[in-house]
Structures are given as C-alpha cells and as structure tokens.
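Q: The structure that follows is given in the form of structure tokens.
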Amino acid sequence: QTRVYGRDRVKFIESLVVGDIAELKPGQGTLTLLTNEKGGIVDDLIVTNTLEDHLYVVSNAGCADKDLAIMRGRAAELRAAGSDVHLEVLDNALLALQGPSMARVLQVGLPDDLAKLSFMNSITTTVFGVPGCRVTRCGYTGEDGVEISVPAGRAVELAERLLGVPEVWPAGLAARDSLRLEAGLCLYGNDIDETTTPAEAVLLWTLGKRRRAAMDFPGAAIIMAQVKEKPKRKRVGLTSVGPPGAGASGPRSPPCVLMSPGTVTSGCPSPSLGKNIAMGYVEAAHSRAGTVLTVEVRKKQHPALVTKMPFVPTQYYMAK
C-alpha cells in the first residue's frame, strides 16, 4: 500500500497505468493496469483518489517489490524534471471482509453509514475502536465486501474482533480463489502477467477513453494496435462437461493444456454451481461462447464449453 503525494501525482500515476485517474471523484477508486513498453501487464492495481491530499495505491503482495521499484524510479525521473511527486509506503495490513452479511457485521463498529458507500469508494474512519483505518468497498470475490487498511500493530486485534462475530469465518486463498474465478476475475501470475496484454486478457474496459486517444501509457502503441486489429488470442471462461476434475487445474497447480490450441490458466470445482469451471487463453477464432473445445487433464481428454463470465452473477453494492 502506497500513498502518492504532490501536485503532479496524477501525471505520475498516469505515466505508469492505463486508467483515467484524473476523472476519479474524491473518494473513488478504480482497478487499473500497470503496463510495460511491450504492452504486458506488470500488475493490476487499485488506485483511489482519496478525500485527503493523496492517491492511494494497492499492489498485489507478490508484485509489491517490483511495483515499488518502478514507481520510485519514475518518481525520481519526474522530480529531476521539476515535477512535484513523492511516495510513502504504508506499514499497514489489509483485511478483507466479504459476503452478504458484511454490511450488517461492519456497521456495528463504524461511525459512518455504509449504505452511502458505493462499490470502489473509500473513507478513512475508526473500525471497532481502531482509528486511522481506510475502508474501501471492494474485494476480489464478486460479493459485496470491504477491504480494511489497518495499522499493522492493531491488525490482529481487529481481525480477532471481527472473527468474534458468529457469522464471520476465516478464509484462506483457496476460498478466495474459487470465488474470484466464479466472478470471472483474473489472478495475477496465473491469468495475467507481463506476457499478456489488456486486449488479450479482455480487460480493455480498464483503458480510459482519454488515455486511448492520448496513447500516453507504457505499451500504448502495441495495445491500441490490438484494439484495432483484434488480438490473436483471448481469455475465455470454460465449463467442463466431463467427469469431476475435467478442466480444473486447481487454484495453484500447473495449467492444463487446451487442445484447440491454448492454455488453461485457472480452474477449480465451483462450489456455487456444482460443476468444474476454468479460465484460459484460446485462439480468437475459438473464443465465441458456446464453442466446444477439448481439454487435456492428466493425459486424458475431456470436452469443455466456452462460457460467458462471470460464471456466477456479481453482487457489488451501488448506493442509491
């Protein structure tokens, strides 16, 4: 978690990511992509235009070191050219509270009205007596939920307070992984990485209209050429119609092989649907929903159906 200060903070972050950060309203955030000069995705970030005097950036933990090196290098370049920008790395933990009971559980410990907090918006507040927390209505499960940035020294205290509520259960990465896959959300390192572009990953919605026209983000020429000419491969959802395990590589296991050709990048049994679901890349000609493909799992071939995502409808909350 990083704060970006200075009058040129928006110019700084827009020199690294594809999103229109300047258009964000106070308190509003967006998922955006940090790209390289080849159009590859270095990381997916959440950037928030806070109600205070800074931008708030959340990186994937596994990418934190490389992201910070890139941001520090770019900030130094801009300062050398006379720009006003500087970074502060937070010593904060991040707790995600997700699911249909979230608002009822959290509201008890908040002085603010959660009903007024829409998806991808955030506030700084006190949570169950812990001051200085940032509550952002987001999370990588497809459900209504929040991510709570809490001073590291009080993270265990807050986690234990939340787990003291009967409806709240601890959940690890495997549980989160099945939920995000049902919601059609990419996992960095599996479904997107520095060898995949936003066009291939079907993430062109992250490109701001103004940014597309300006072509002023890393890899813009390559990415915009793919927008015009269409990429040769695309990320798709897959539903296995074979026996248990078909098309499912497991949240963290090696990818299966698509015989179309292509590659399965994520897969697991869907707890909500009672069938196997997966995500992967296929040649664009085979990417239409309803296309039947063949998936090889443990040296056996099984049929799989290209399926629209999300597999399970999302439940993001929009304030009225």
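Glycine is no exception: its Cβ is also placed from the backbone N, Cα and C atoms.
The annotation domain 'GCVT N-terminal' is assigned in TrEMBL to 2-208. What TrEMBL records for GLU147 is substrate binding site. Per TrEMBL, region 'Disordered' is recorded for 233-254. The domain 'Aminomethyltransferase C-terminal' annotation in TrEMBL covers 262-312.
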Q: Ten-angstrom check, please: count other Cβ atoms within 10 Å of the Cβ of GLU147 (substrate binding site), all chains counted.
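A: There are 21 of them.
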Q: Mean pLDDT for the domain 'GCVT N-terminal' (2-208), rounded to an integer?
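A: Across the residues of the domain 'GCVT N-terminal' (2-208) the model's pLDDT averages 97 on the 0 to 100 scale.
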